[in-house]
Amino acid sequence: MTPNGHHFRTVIYNAAAVGNLQRIKVFTINSRNDRQWIIDCFNSDQDGRYPLVIAARNGHANVVEYLLEIGADPSVRGVVEFDNENIQGTPPLWAASAAGHIEIVKLLIEKANADVNQATNTRSTPLRGACYDGHLDIVKYLLEKGADPHIPNRHGHTCLMIASYRNKVGIVEELLKTGIDVNKKTERGNTALHDAAESGNVEVVKILLKHGSVLMKDIQGVDPLMGAALSGFLDVLNVLADQMPSGIHKRDALKLLGSTLLDKKMDAMSAMNCWKQSMEVPLHADDLRLVREMETFFEPQEVYEYQREAQNIAQVELLDGNIEAQRMQALVIRERILGGAHTDVHYYLRFRGAVYCDMGQMNRCYDLWKHALELQQKHFAPLYYGTITTLQSFHETFSMSLNDFVNNHHANRNLRVRSSWVKYVFNGVCLELERAAAWTGAPLLEDTECCGKERCQHATEESEYKKLVYVAVHLVNVLERLSLPSAHIDDSDEEKEPKADVRRLMIVCHELHIPLLHHTLEERIPDSNSAELGLPKAAVLEQLLELDLDVNATDKNNDTPMHILLRAREFRKSLVRALLVRGTWLFARNRHGDVVLNVMKRMKALNHANFDDLPLGRHITLAGLVANAMRVKYPKKFVGVEEQMPLELRRFYLAH
């Protein structure tokens, strides 16, 4: 009996990966005429590991030719690695095109009749793969064979856009010969001109303009001119500025470029030069009137230390030598030009705040991050990833700063965390959850930006709720620490009352069906970016339990809060005691059959925990014993008995 083709899959895959044709022939010589064996070995899925795909990726033309001869399917879609990323759903033709193996590309098309437009999971075609790394010969060949240059990937990004971004001049010119739409937009409103400008490719910019490219705004209101300024490319800016109808556009672009050079390139001298150049741009009467209006109606903000935007050369020169004023000027310019909804505005607010934090100026960090949070919650839908990241950063920074303040024996008063700050951020978390509960627009998280990987894993509402609850609970934990004498809290009434409105959190969690106690007692997996990963203080849990939260509520796995707590690497007897006092059912059983009391016994037997001073016997009830016996010892005798029970008793019985 001939062994199943699956049995040889791994050894043949490995041989194909390194181009060992002789080894492949040894294992296929007796089965090459067995169609089912060939299908099992070469054409059936096994974690995306197809011999033909890996041979095409690695450039082994002789292996590819042999595999095609014996019946390997040229349309299979596997997984290959490019630039340290796994590309999912990759056809052999895409792999060969992206890797630059034209001989294999010709083999697949001419001998195997491969589909020239067969795409990956992200809808990237072989032509786009070839454009990425500039394989001009393959691009020309694919176009000759009917490849469609108009097909975008899943984000609407076309072959012309990727070639423009990657500065592949020859490919850009070749694609333009096909009559491709030079002004086609992605889902986010980007054009090929955006990509060329933002990557500083002057020659490509000129070619696109020559072929009719128009300066259009994306969904954030940024045109290619502003894109060049945000990326720090003065030469591109000068080319594009000539396409604008008025001087005010170039003036603003130079201001924005100066802000980029200061914050991104750390080049204060060049930033000042750009700002001075912006004041020398010739303006028409209408432009001058607009500048005067901006100066007249501009409202300075406290967060920027009431600094006004410079509108003439004298005001710019006042900034010379004052680096703090320059930093605030960059933030003022960026928010005025880009608007409060632009992600760069939020990013640089957080960046500058982090710098102040590192300098020991927590109050400045808080003010800037608070402004960023307010803008994000004003302009974005609930659960926007940037908003959640800002809230997480607040929590982590508060925890680390408080640790430093206490560990350094209160030497640096600027590191002190104020309870009013923590309460504000806690209320911000509650507001984000309340916004989600009241949301009636498009499904949340639909506009989540791609993580940049070919196989993007977007967040879920449940995972984002969990993050927010975690932040809220640990902010309460920070407030508890601030109530200790070691925190040296201020004497003001506001600072003396470090209590959060946990009832507000409970209400919104109930509305969103979030298992608050479960998330509170779940220990997070450590990572390098988190300052605090442990369980909360017992006092925090007591605050929640005082709200009469159900300690026997179950989640989707039928876990009670006690089930979750007992899984923690750190055994916290104070938390276990608090749940027991509130009436945790010791015989509660989850979906996997784990009984709370049995878990405790196992932990004790393995010396993972000591329950000696916890009187577990006091918390064992007759009702629990009976329900456990009915469900475990005599399950067949009591089938369906719960249907005759009152609702509360039925819930109790089914939990055991």
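From the backbone N, Cα and C atoms, a Cβ is placed for every residue, glycine too.
From the options 261-268, 541-548, 645-652, the stretch Swiss-Prot describes as motif 'VHL-box' is 541-548. Same-chain residues lying 6+ beyond the ends of the repeat 'ANK 4' (155-184) with a Cβ under 8 Å from its Cβ atoms: 125, 127-128, 131-134, 136, 139-140, 143, 149, 190-193, 195-196, 198-199, 201, 203-204, 207-208, 211-214, 216, 450.
Beyond the repeat 'ANK 2' (88-118), the same-chain residues lying 6 or more positions past its ends with a Cβ under 8 Å from any Cβ of the stretch are 48, 50, 52-59, 61, 64-65, 68, 74-80, 82, 124-127, 129-130, 132-133, 135, 137-138, 141-142, 145-148, 151, 454-455. Sequence-distant contacts of the motif 'VHL-box' (541-548), counting only residues of its own chain at least 6 positions beyond either end whose CB sits under 8 Å from a CB of the stretch, comprise 476, 502-503, 506, 516-517, 520-521, 575, 578-579, 582. With DSSP states grouped into helix (H, G, I), strand (E, B) and coil, the repeat 'ANK 5' (188-217) comes out at 16 helix, 0 strand, 14 coil.
With a cut-off of 8 Å between Cβ atoms, the residues of this chain six or more beyond the repeat 'ANK 5' (188-217) that come close are 155-158, 160-167, 169, 172-173, 176, 182, 223-225, 227-228, 230-233, 235-236, 239-240, 243-244.
Long-range contacts of the repeat 'ANK 7' (557-588) within the same chain: residues 517-518, 520-523, 534-536, 538, 541-542, 545, 551, 594-597, 599-600, 603, 608-611, 613-614, 616, 619-620, 624-625, 627-628, 652, 655-656, each at least 6 residues beyond the stretch ends and with a Cβ under 8 Å from a Cβ of the stretch.
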